[in-house]
């Protein structure tokens, strides 16, 4: 009987595979990391160069370039990587599609380069979270939670431009550009009156409240292991089996502060709730952006209440509508003479009275 003896020497490819998937590395790489690292590096390098030195971009496609970089007079607040031109629309616009590098810069090519590499990179980051959890035998909920901010980024950088028909409608990569995107989004889609946005606000602010409540309750019910002269933090040893705080005391305090059933008596269900609340809220916001991308907008109650003489009784909805029109006439002011809402025919008010029959 012959026995096949495998050579003890490892090939370079096998050594590389072992290194990539080794969970003992200081920072886990993983196969998703092989995709993530170059994509995020490319996005970061291009963003940094463009934010500092990119020439003005013809964002509206009307030969009126908008400057966004620092060396063209902006500061950290006003600077941005300007979205690609409306003349490009939804066309894929890599460097080799332009006649020259100057043309690529003029039409906002860096915006597409940054966004596409960034979206691939953060998607791979989510895959890397799952991959590391799988190799360590953990449950997969970390990457599920991360899918909420990932879906939000996908909504504003990919889905919304697709729905509107041009990457020039994507969110600019800067602080004031983000605020401009929010104002224009409200003007065109009435997002404040969309239920999914309301759920997102509840998720973000509720998550902040619950996080602060949980942290303060735990910190206030620590089991003292030190003297008064020492910090309580020294009473905890990493990996210790004993509870570091008294959950019964925290439960009793909060149950008496609100009422008994407002307080969790199960640590696992408590932490699931803390994770699920903001995640579900941000999921809803992403779905709201994605539906409004195709102009399924927020509720519109403009001029919906009339008196017996048919005169409009203004409500908060009418105040909001006037603010929307003001924001709409101010943006892209040279790209069109009138915003669509003002150029359209007079709208028929919805009255709160039954029509006359016969």
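Using the three backbone atoms N, Cα and C, a Cβ is placed for every residue, glycine included.
Remember, predicted model here, so these are calculated numbers, not experimental data.
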| message | transmembrane segment per Swiss-Prot: which of the ranges 96-110, 141-155, 156-170 is that? | response | 141-155
| task | Using Swiss-Prot as the reference, determine which range in 258-272, 273-287, 288-302, 303-317 is annotated transmembrane segment. | result | 273-287
| query | Pick from 214, 271: which of these binding-site residues has the biggest number of other Cβ atoms within 10 Å of its Cβ? | reply | 214
| request: Give me the stretch from 117-132, 141-155, 196-217 with the greatest number of Cβ pairs under 8 Å to the transmembrane segment (28-45). | output: 117-132
| Extent of the quinone binding site in Å [max Cα distance among 214, 263, 264] | 11
| message | Suppose the quinone site is 214, 263, 264. Which further residues of the same chain have a Cβ inside 8 angstroms of that site's Cβ centroid? | response | 213, 217, 250, 251, 254, 270
| Nearest to residue 332 ([CaMn4O5] cluster binding site) in three-dimensional space, by Cα, is which of the recorded positions 189, 197, 264, 271? | 189
| field | For residue 189 (site 'Stabilizes free radical intermediate'), nearby residues of its own chain (Cβ under 8 Å, 6 or more apart in sequence) | value | 292, 295, 297, 298
